[in-house]
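In TrEMBL this protein carries:
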- 26-107: domain 'Gelsolin-like' (DOMAIN)
- 147-212: domain 'Gelsolin-like' (DOMAIN)
- 264-335: domain 'Gelsolin-like' (DOMAIN)
- 634-703: domain 'Gelsolin-like' (DOMAIN)
- 735-846: region 'Disordered' (REGION)
- 758-771: compositional bias 'Low complexity' (COMPBIAS)
- 796-818: compositional bias 'Low complexity' (COMPBIAS)
């Protein structure tokens with residue numbers, strides 16, 4: 001390939017890492033055994049290849065610049081990154097990484113950490129098991145990735161904010177600053193384990209020193225003796241960098257004209273201003289983006305990258321700014337967030353001509369040309385459980401009979417409990433289902449009632465909020481059969497209909513109705529009442545049309561034989577002992593169209609199930625009442641820290657995982673985090689605010705959640721203590737003690753005064769028809785919260801409230817963790833109102 005280094009030809013075919021070191025004017029491949037060793041005088045090119053669930057390979061290119069690297073090496077690294085992008089079809093995203101300021105994404109490739117080497121000679125690299133007598137001291141930062149920096153072996157290197165590892169010939173000490181978070185301490189233990197295995201062949205002692213504790217601790221005495229005796233550590237200096245970054249000027253946009261930057265209007269950015277034959281630099285303060293049009297040449301792209309390097313150096317920001325380089329069509333979500341109107345991705349459709357080609361291919365492979373084989377549905381949950389359904393009406397619940405629980409109404413809200421046994425454990429899945437036409441009063445009380453019920457059961461409860469029309473497969477799989485009618489049973493809905501004088505097409509037993517029939521498999525079928533118009537039809541589905549006592553069954557031309565079998569079963573369920581007139585698409589009688597109110601256009605496209613999306617994990621916290629999220633890259637089970645609440649975004653549904661020691665004290669609050677995540681549009685191209693939200697408590701993880709991880713069941717047991725204490729016990733070879741999880745996610749100290757406890761079961765609630773507690777308490781509390789977070793009061797939530805340890809929080813604030821949690825989650829705001837109370841703007845992640 002012209003203009004591309006031969007070292008890049010044929011790379012990127014397999015998932016994993018490829019690394020090259022720039023030596024002079026050539027690229028030297030780095031052996032897999034040496035990955036993670038970076039020399040401060042060198043520059044490196046790194047390619048990470050990941051295979052997505054769609055089968056497409058995603059390529060991320062990073063070029064790493066050592067702090068002692070020469071300028072020629074830096075320029076060559078940027079040029080080679082452009083060449084690698086060209087070799088991979090110009091569909092990569094390139095990142096500039098500076099030693100000591102690496103991005104979380106880059107650091108996530110190397111577990112547990114990177115320890116840069118202050119030299120240039122790879123042949124002198126320390127191999128596994130290498131023993132060194134030199135005492136080394138490292139500062140560790142980061143909660144989900146370890147940022148390790150070697151610091152001078154001196155008492156003056158210590159501070160209260162960091163975690164420090166001192167590696168001696170026979171013992172490794174870990175010193176935890178009193179203002180460091182528990183997650184950072186736990187992550188530093190991974191570094192200790194790495195040093196123990198690689199520098200001490202697994203044979204050395206581990207000592208933990210806590211900042212400020214000196215009472216008769218021999219390890220602490222030995223640690224301070226290394227520095228010539230104990231002396232107090234100076235108080236941490238206030239952070240001024242944060243205010244500087246907040247006062248950065250507004251974003252700037254430049255067009256690159258032969259390495260000369262031409263300033264452009266950047267007040268309101270729109271996608272239309274980016275031309276495919278040009279390159280642009282967007283300076284957003286902490287991040288600088290280089291966007292290159294798809295028709296630009298490789299030589300032009302190299303010149304653009306050089307212009308970017310010159311701009312960064314001229315601003316004096318080369319060490320503390322993120323630079324991201326991308327080609328048109330492969331923009332990152334962070335880049336798109338800076339533009340007002342970025343076109344959404346249009347899903348590909350299977351047109352008639354395409355269907356013919358696909359059918360021909362399958363015919364050649366021995367399949368029937370009229371039917372494309374379908375994937376078998378994934379087994380999400382065991383099917384031998386028991387089901388109970390409660391109707392919610394004005395703060396009370398009514399348990400439905402076995403027959404009634406398979407018939408839901410769009411004007412009602414329901415609590416669904418599915419109990420099953422998996423791996424010898426009792427699980428309970430609670431689903432709050434809100435019909436499209438349900439009243440607000442019922443929607444609000446359903447969440448609180450479901451939470452109370454989940455807190456009262458033994459076993460492993462999981463709760464979820466599901467909306468009509470957005471149900472996940474898991475929802476339908478707990479029903480053997482399900483019919484969703486228009487109308488409602490609840491008194492609240494009936495009263496609403498009377499006030500509006502509109503029945504909204506309520507289903508009548510002997511009336512006129514149209515049902516769409518669908519199913520995951522033969523023993524899991526649904527009939528959903530749709531609007532009585534021809535436009536409700538779809539060639540991919542089958543339908544039942546009721547006209548008084550007569551029925552039509554309509555077969556779409558793109559429906560499958562399995563759909564036809566499901567139709568027969570649902571016909572027997574919906575209207576037993578009734579005969580129907582079978583109608584195939586294209587041969588409908590006039591009576592059929594007359595019942596639907598006449599002919600009209602409807603969708604004749606093949607309904608193609610979208611590819612599953614790759615999940616993304618986000619750590620969340622609050623800053624001045626705003627939800628802030630930060631992506632956890634290359635995530636694994638160990639990233640689920642007990643002090644945190646994390647969001648697993650699977651596109652069609654999201655999971656809120658709540659650690660037992662986090663500040664989230666109820667399931668309603670956890671649901672609100674999910675709703676704020678959806679409503680604030682934190683992630684670009686967010687689907688719908690009605691996306692299903694699951695709440696998973698630590699220790700109660702079901703298989704349909706753990707399937708997103710390489711799950712180790714032995715780690716599932718909840719050990720005593722925080723994440724640091726748990727890891728330290730394992731590292732020292734101690735037997736971990738277990739504790740029983742608090743299923744309600746409430747602490748004794750968080751009980752609100754003046755709030756009576758609800759009945760523990762829906763049946764009990766029927767006897768005590770007290771209005772259900774709203775998802776967030778009283779409106780007055782919400783107003784108080786708004787005052788609490790105002791600058792005048794000085795009581796705004798701590799920036800790291802979702803991630804700091806109790807110890808570190810108590811040292812920096814006079815508020816108790818419980819009080820702060822109450823301010824973060826005003827007991828009263830309904831989820832749809834909570835975000836507006838927090839901010840009128842849109843929270844964006846950094």
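Even glycines carry a Cβ here, placed using N, Cα and C.
Where the annotation comes from TrEMBL, it is an automatic prediction and has not been curated.
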Residues of the domain 'Gelsolin-like' (264-335) by DSSP state, where helix covers H, G and I: 23 helix, 18 strand, 31 coil
Recorded stretch that, among 147-212, 264-335, 634-703, has the most CB pairs under 8 Å to the domain 'Gelsolin-like' (26-107): 264-335
Residue counts (helix, strand, coil, in that order) that DSSP gives for the domain 'Gelsolin-like' (147-212): 21 helix, 22 strand, 23 coil
DSSP-assigned states of the domain 'Gelsolin-like' (26-107) in counts, ordered helix, strand, coil: 24 helix, 29 strand, 29 coil
